[in-house]
Amino acid sequence: MQNPQSSNNANQDPTIDAQPQPRRPRGFAATAAAAAASGSPTGTSSGAGAASTGSSSGKGKREREKEKERTKLRERHRRAITSRMLAGLRQYGNFPLPARADMNDVLAALAREAGWTVEPDGTTYRLRHSPPAQPQHHQHLGAFPVRSVESPLSSSSLKNCSVKATLDCQPPVVRIDESLSPASLDSVVIAERDTRSEKYPSASPINSVECLEADQLIQDVHSVEHENDFTGTQDVPVYIKLSTGVINNFCQVADPESIRQELSHLKSLNVDGVIVDCWWGIIENWNPQKYVWSGYRELFNIIREFNMKIQVVMAFHEYGGTDSANVLISLPQWILEIGKENQDIFFTDREGRRTTECLSWGIDKERVLNGRTGIEVYFDFMRSFRTEFDDLFAESLFSAVEIGLGPSGELRYPSFSERMGWRYPGIGEFQCYDKYLQQNLRKAAKLRGHSFWARGPDNAGQYNSRPHETGFFCERGDYDSYYGRFFLQWYAQSLIDHADNVLSLASLAFDETKIIVKVPAVYWWYKTSSHAAELTAGYYNPTNQDGYSPVFEVLKKHSVTMKFVCSGLQVCSYESDEAFADPEGLSWQVLNSAWDRGLTVAGENTLSCFDREGCLRIIETAKPRNDPDRRHFSFFVYQQPSPLVQGVICFPDLDYFIKCMHGDITGDLGPQ
């Protein structure tokens, strides 16, 4: 149809050849043009016109920057929604979606479950229909690959899905807009109706109002009845962690009768065993290589009276903080005395602030601890424990030994310490500025051939910064530059080398005894591209890297059991949007990566999770009933927020949790 305006112009002057009309400026261009027109009237000097144009250009640039930020926020919001949908499908819908799945994988899996065929190029049709030929107006659309996902669900599991008649008679074609950036493909669902869909109404019925909507499919999957029946499932032994104050700072049992009362309660709940922390700061407190085990001998004898297994923790870190119940256990006093003369034995941030939570791995092989290296000090402590309690090892009282490898006993840097002012969901800070780690960094940079890389990033923010506020962790930030990749690989490798060095000696000290290593759950900012909190903690796990595989290769080398901290938290929408947190997505990646490498996997809850709903989420994680390989935790450690005898824990809930873990119960999670 001819443009009326063009027709009128032609009628007014038929001698003028028809020429295409120039495009009318839109958006920022229109704003800039209007400003230029209003600021440069006829007769204005060229200098004034240039100044006005420069001002308009600067304003337009600022508007473009603001629009970019708004676009990023919208994209993050879409990704947050996508992540929650994927997590729900993995946990409740039995869909084995890939770790980096996008919404096209979800649509393909749901369509196949409903009886449709989805070709690799996105063409979707019923089996009784042949694949439709591509209309000519779709030739400009690139073929977008849709990975095949086979679902173990039966077709009856989607019995509540209502499929419109339109889907039976029209072969839909999935349309992907090529203007989408690669990053936005993570959260693409289907483009909204536009002028092209109006022009070709039958080309893409998936945009039709009569089409089965993706969100309806998601709701139908979530609505499938999911009974909480754990009868006959795998038996996962449950250990309860005894409170820290059972042994005082003089290595004495604080209250033997209270301990017996607590153990009696645990025995009545059919708990399999208990966890006991052996604190370096208590046992070797005053003098090097002078170990006091008397209080632990008495405690172990009390536990043996109840015929319960014991897992011991070699706790080479300090304890105390906001949730410590006024209990403070520091590093040994002789270590702190050395630290007064040589503060570089402790981890140091960019501002030069030291944290005494644990020793820096920079001294693992430096003889700065009265003639001993860091790993020699750890080995002498472990060997002393093995020798002192050889009789109890012979009785098989100890089922396993956990080796503390960092703050809170976890394999990580002390990057988010509350004592340093960190508050959730801050990204934390790199802890590599003591002179020993700096020496290692300079050596690594020299070997790489870039000596000027021997520095920490100067634009990584502070403890409570957000990724987008920094030049290092922001979208397309320096973390993915040549220098950024070099630094992060070195930083993560230092953590891996520390684990390798300590575990090599632990295997000698505890021959034929199961060894455990605790891996943290750093789930905030997991939905961003940089995974900033994981990077500062020592896990090089941005979206284009797998930061856990190298760690698990070392654990596999030493036949170690990996104990993962399960949050059990249901992150609210506000918190998820604020911190881009995804505990379920992180758990899925870590657990499957460990299982795929043949590691034995165990779990431990956080202190913030001891309600019934949180316990159910942990049970589903501990032994996923939909796993075709029937993989499950080898045991689970339940941390109690305070001693059971104080009545803080609801015993029916804990009893229910233990029975579910043992596979001995049928029921629901309704209130009792």
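From the backbone N, Cα and C atoms, a Cβ is placed for every residue, glycine too.
Of all the Cβ atoms in the protein chains shown, 21 others lie within 10 Å of the Cβ of Glu410 (active site, proton donor). Residues annotated as active site, proton donor in TrEMBL: Glu410.
Annotated active site, proton acceptor per TrEMBL: Glu604, in sequence order. Counted within 10 Å of its Cβ, the other Cβ atoms near Glu604 (active site, proton acceptor) come to 25, all protein chains included.
Per TrEMBL, the feature domain 'BES1/BZR1 plant transcription factor N-terminal' maps to 58-212. In the predicted model, residues of the domain 'BES1/BZR1 plant transcription factor N-terminal' (58-212) average a pLDDT of 56.
Under the heading region 'Disordered', TrEMBL lists 1-79.
Note: the CA-CA distance between Glu604 (active site, proton acceptor) and Glu410 (active site, proton donor) rounds to 12 Å.
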